[in-house]
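Down below is the structure, laid out as C-alpha cells.
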Amino acid sequence: MAGYRVEDDYDYLFKVVLIGDSGVGKSNLLSRFTKNEFNLESKSTIGVEFATRTLKVDGKVVKAQIWDTAGQERYRAITSAYYRGAVGALLVYDVTRRATFENVDRWLKELKNHTDPNIVVMLVGNKSDLRHLLAVPTEDGKSYAEQESLCFMETSALEATNVEDAFAEVLTQIYRITSKKQVEAGEDGNASVPKGEKIEVKNDVSALKKLGCCSN
C-alpha cells in the first residue's frame, strides 16, 4: 500500500466511520493516519469531523473519507447522517478501560442498524502502549472479533503502532469486495468511479470471509 498523495485524483472513494466510546482515541487514530500527528491534549470531538487520505490498493487509487464523532450520548441525533454511505468502520475500544470493551456490542448493533449488513468492520483495541494498565487481554478482543466475523488489531495512536495497517486492511477489503463484484457483473476492470460517488458494498455476505481478514 503506497503512502501519501497530494493529487486529488482517485479511482474509488470509500467512506469509513470511527465508532466507540468517548476517550478511546478515535480522533488521534484519525490524525495519526491522515496527518501522522498525535495530540496528547486532544479534547473530545464535538459534532462530526472528517479527514481524507489517498492510497494505492492493488494498483488503484483509493481515497478514504474517514469520519469521526464524539461517543457521548448527547450526539446520538446525528447517527443516521453519520453512518449514511459508510462501507467500512473501525470499532474502537481502550485496552485500559474494560467498560469501553463491554460497550463494543452496543456500538456494533447500532452500526448494523444504520448500514449495509456487509460493511467491513475492524475491531480496534487502542492504547496498546499502556501495557502496564491493561484491562482487556488481547485474547478477549480476538475472541469477540472471531465471534462476530470482524477483523481485529491492537493499535497505539501515540506510538503509531498498527494504525496504518488497521486502516489499510479495511480499505483493501472494501476494494477487493468491490472489484470482485465489478468482475462478476461483467464490468470493465479498469472502470473508475466518478468523484463524489460512494461505492456501496451490498449483498455479498461470504465475500469478506472468503478473502480472509487480519487477526493479529
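In case you wondered, yes, glycine gets a Cβ from its N, Cα and C as well.
Sequence annotations record features per position, and here Swiss-Prot assigns GTP binding site to 20-27, 68-72, 126-129, 156-157. Around the Cβ of T69 (GTP binding site), a 10 Å sphere holds 24 further Cβ atoms from the protein chains shown.
Mean model confidence for the motif 'Effector region' (42-50) is a pLDDT of 68. The motif 'Effector region' feature in Swiss-Prot is assigned to 42-50; the stated evidence is similarity to another entry.
According to Swiss-Prot, the S-geranylgeranyl cysteine annotation covers C213 (among others), on the basis of similarity to another entry.
What Swiss-Prot lists as S-geranylgeranyl cysteine is C214 (among others), and the listing cites similarity to another entry.
The binding-site residues considered are G20, G23; of these, G23 has the fewest other C-beta atoms within 10 angstroms of its C-beta.
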